[in-house]
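Feature annotations, courtesy of TrEMBL:
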type	residues	note
BINDING	T117, D171, D199, A200	S-adenosyl-L-methionine binding site
Amino acid sequence: MATHRSYALWSYCGRRWSRVMRCCRLPGFRSSWPRGPLGVRHLSQEKQATETHFGFETVSEEEKGDKVYHVFESVAKKYDVMNDMMSLGIHRIWKDMLVWKMHPFPGTQLLDVAGGTGDIAFRFLNYVQAQHKGKLKRQLRAQQNLSWEEIARKYQNEEDPLGGSRVVVCDINKEMLKIGKQKAGAQGHKAGLAWVLGDAEELPFDDDKFDVYTIAFGIRNVTHIDQALQEAHRVLKPGGRFLCLEFSQVNNPLVSRLYDLYSFQVIPVLGEVIAGDWKSYQYLVESIRQFPSQEEFKEMIQDAGFEKVTYESLTSGIVAIHSGFKL
């Protein structure tokens with residue numbers, strides 16, 4: 001019990017100290033970092049050699065980064081199929097709900113981190129395109145005296161069907177980005193979409209650049225979650241919104257028991273049968289259990305500087321959507 005209390009006190013003090021240090025940053029400190037063209041910063045080569053978890057295994061932080069990279073490199077080709085199999089297709093509803101909660105408007109600049117296969121990006125593009133078309137229809141309906149030729153001309157002259165919206169998909173894994181690009185081509189997504197190889201802990205973007213930051217089923221795989229949250233805060237514009245969809249803590253005892261049974265006894269078997277990879281899916285199941293609860297993660301988001309932080313548990317808490325604003 002004493003050990004648990006000491007750990008809790010140490011974690012609490014650590015979060016408060018990180019908040020103090022962020023408030024005491026010197027003006028221009030970040031701008032003095034080496035940058036490449038287009039304001040892209042080079043990734044740091046220095047990583048503190050301390051221990052962390054990889055699922056239920058204790059490893060060095062550097063080792064975790066390598067192991068996580070190889071997990072997603074291994075599962076990339078079967079990633080979408082396995083998502084459907086593991087969640088019985090429910091992950092599609094969860095992702096739809098994330099975009100509905102975002103409620104993007106034409107002109108929104110979105111950064112989707114750990115979004116390699118493009119699920120959130122494609123939903124975003126479809127949503128803003130539908131919004132923009134609806135706006136155009138309403139404008140045309142309001143103009144009662146337009147001829148058929150004038151209406152047709154307005155549709156033909158429509159240069160940007162997204163109304164200025166753009167999404168950047170940022171992922172640390174080349175294979176995941178490769179699959180995402182292939183899906184984009186197959187689904188006809190070209191305009192308003194960019195793919196960037198980058199680390200969530202050191203995003204290769206300038207400050208105050210995006211309206212919305214999303215990360216879906218990715219943040220639990222990050223070595224330093226607090227650092228990733230600080231980077232999310234940095235790249236968002238004032239008034240920008242952070243949205244995270246992630247596995248969380250089940251709040252129904254019966255569902256929890258069934259969920260554990262399914263997770264540990266079925267999912268790794270599916271991974272072996274469909275993707276030929278038992279170990280990667282064993283890690284994914286274990287990583288879910290290591291992720292903070294809804295309330296704990298809410299505190300971490302607040303410690304990163306976000307305000308008006310809320311969350312919504314879905315499917316008895318199997319997943320949760322956390323939201324916060326940079327004010």
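Note: Cβ is positioned from N, Cα and C throughout, glycine not excepted.
Least packed by the Cβ count within 10 Å, out of the binding-site residues D171, D199, is D199. For T117 (S-adenosyl-L-methionine binding site), the same-chain residues that are 6 or more apart in sequence and have a Cβ closer than 8 Å to its Cβ are A76, Y79, D80, M176, I179, G180, K183. The binding residues for S-adenosyl-L-methionine are recorded as T117, D171, D199, A200; their greatest pairwise CA distance is 16 Å.
Within the same chain, residues at least 6 positions away in sequence whose Cβ sits under 8 Å from that of A200 (S-adenosyl-L-methionine binding site) are V113, A114, C170, I172, I215, G218, I219, V222, A228, E231.
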